[in-house]
């Protein structure tokens, strides 16, 4: 068992150290896989859209909040218990 293991290990070492695995293909096809530094920089440094200051999205509860502010009872309850609970107690509708 030990000899099989050593033989396998030596075979793998021979394959790793051989010059056949390190040989690079020579020809016009081998250069197509790589690009110059300038071409690479053009790809990496292209303009980045959508990275500017984003516009905050409108609050979906804003109309409800404005309607609740017009009613003094709802406004007082919203200060104590929160907008959703106050709106539900006054108007009976779940937001």
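Every residue gets a Cβ built from N, Cα and C, even glycine.
Look at residue 62 (Ca(2+) 1 binding site): DSSP puts it in a helix. Cβ neighbour count for residue 62 (Ca(2+) 1 binding site) (all protein chains, 10 Å cutoff from its Cβ): 9. Under the heading Ca(2+) 1 binding site, Swiss-Prot lists 62, citing similarity to another entry as support.
Feature annotation from Swiss-Prot assigns Ca(2+) 2 binding site to 66, 69; the stated evidence is similarity to another entry.
All chains included, 15 other C-beta atoms sit within 10 angstroms of the C-beta of residue 75 (Ca(2+) 3 binding site). Feature annotation from Swiss-Prot assigns Ca(2+) 3 binding site to 69, 75; the stated evidence is similarity to another entry.
Here residue 68 (disulfide bond) comes close to 74, 75, 78, 83, 86, 87, 90: these same-chain residues lie at least six apart in sequence, with C-beta atoms under 8 angstroms from its C-beta. Annotated disulfide bond per Swiss-Prot: 68-74, in sequence order.
Residues or ranges marked as domain 'Gla' by Swiss-Prot: 46-92.
Taken from Swiss-Prot, the feature 4-carboxyglutamate applies to 62 (among others).
The Cβ of residue 66 (Ca(2+) 2 binding site) has no same-chain neighbour under 8 Å that is 6 or more residues away in sequence. Among the features that Swiss-Prot reports, 4-carboxyglutamate is placed at 66 (among others), with the record citing similarity to another entry.
Residue 69 (Ca(2+) 2 binding site) falls within a helix when secondary structure is assigned with DSSP. The Cβ of residue 69 (Ca(2+) 2 binding site) has 12 other Cβ atoms within 10 Å, all protein chains considered. What Swiss-Prot records for 69 (among others) is 4-carboxyglutamate, and it gives similarity to another entry as the kind of evidence.
The signal peptide annotation in Swiss-Prot covers 1-23 and is backed by a curator's inference.
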DSSP on residue 75 (Ca(2+) 3 binding site), three-state: which is it?
helix
